[in-house]
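Copied over from TrEMBL:
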- 41-68: coiled coil (COILED)
- 1-20: region 'Disordered' (REGION)
Amino acid sequence: EEEKKRIEEEEEKKRQEDQSKLLVLHENKGKEVATEPHPLVLVLQEQLEAQKVEQEKIKEDIKNLSEGQQNVLKNQEDISSKL
């Protein structure tokens, strides 16, 4: 599962890099072709990656909370059935 996420993140990062290169080429139409992405594009890519990591962490936290809640409910049912 983690390997799958890592591969998806790498593919997304590659797509973002390709898209940023296209943006820079478009901005420089008729000018000298830029070989490096615009610094703002790099900053946005870093921010986007950080948001994705945070989103994955939140999803994992929600999953863990849901599992914990199910365990609590099961324990309550077990206790109730013993009374």
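Here the Cβ of each residue, glycine as well, is placed from N, Cα and C on the backbone.
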Positions whose Cβ lies under 8 angstroms from the region 'Disordered' (1-20), at least six residues beyond its ends: 37-38, 41-42, 45, 48-49, 52, 56
Counts of helix, strand and coil residues, the region 'Disordered' (1-20), according to DSSP: 19 helix, 0 strand, 1 coil
